[in-house]
């Protein structure tokens, strides 16, 4: 199987691989399970000042990343490439675990890191960029968001986690937030590990974990239950049922 290949187009290539050079992702990169290359967008400017932005048409605050410059950068990285092209943008579709799994199942990804006020809409349309958001907030640039997307993808690539079962009960897998975790000591500051977790009854433990996952999801992310067709206010939905 070919290694997952990530290409990032950015004005700040020195920000990569960042934290992805450490821990699971870093070790996976050393083993050749995935690779990362960066493209300096400014290298594709044609004037002597290496200009990559200009004022917004129609007026307004900030600067806009130029279509011609960015298009040349994209073409250099992916002219005959079928990898998905993502543009990190606060107005994009929210990244979901489902989309992460889809991306991880492919050969790789091309990520464009926006800067300034935005990117010329024409290059978004002409180069088929998929606008992706990691949350309802604005960052100073797309680089931290790109690192977040790659982190989410790389950790679920086959063989990256020591135990491929590790991700099965994580938040958003199965449409629920993850259940609470505990470890030794048994008692800490007067707080005990729930007795069910040390009972040795694995069926009861799984049932408890599922019920806790449903409870936390109902409290913190009722939208996830609504998306799956469950009623956030009722415990009698299918999400609340679990065979021991």
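Keep in mind that glycine also has a Cβ here, set from the backbone N, Cα and C atoms.
Listed features, source Swiss-Prot:
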- 114, 134, 135, 136, 137, 138, 139: S-adenosyl-L-methionine binding site (BINDING)
- 220-244: region 'Disordered' (REGION)
Are there any residues in the same chain, six or more apart in sequence, whose C-beta is under 8 angstroms from the C-beta of residue 114 (S-adenosyl-L-methionine binding site), and if so which?
65, 87, 88, 89, 141, 142
Across all the protein chains here, work out how many other Cβ atoms are within 10 Å of the Cβ of residue 138 (S-adenosyl-L-methionine binding site).
9
Over all shown protein chains, what is the count of other CB atoms within 10 A of the CB belonging to residue 136 (S-adenosyl-L-methionine binding site)?
7
Give the residue from the binding-site residues 135, 139 that has the most other Cβ atoms within 10 Å of its Cβ, counting over every protein chain displayed.
139
Cβ distance under 8 Å to residue 137 (S-adenosyl-L-methionine binding site), same chain, sequence separation 6 or more: which residues?
90
Within 10 Å of the Cβ of residue 134 (S-adenosyl-L-methionine binding site), how many other Cβ atoms are there?
20
Give me the largest Cα to Cα distance among 114, 134, 135, 136, 137, 138, 139, the residues the record lists as binding S-adenosyl-L-methionine, in Å as a whole number.
16
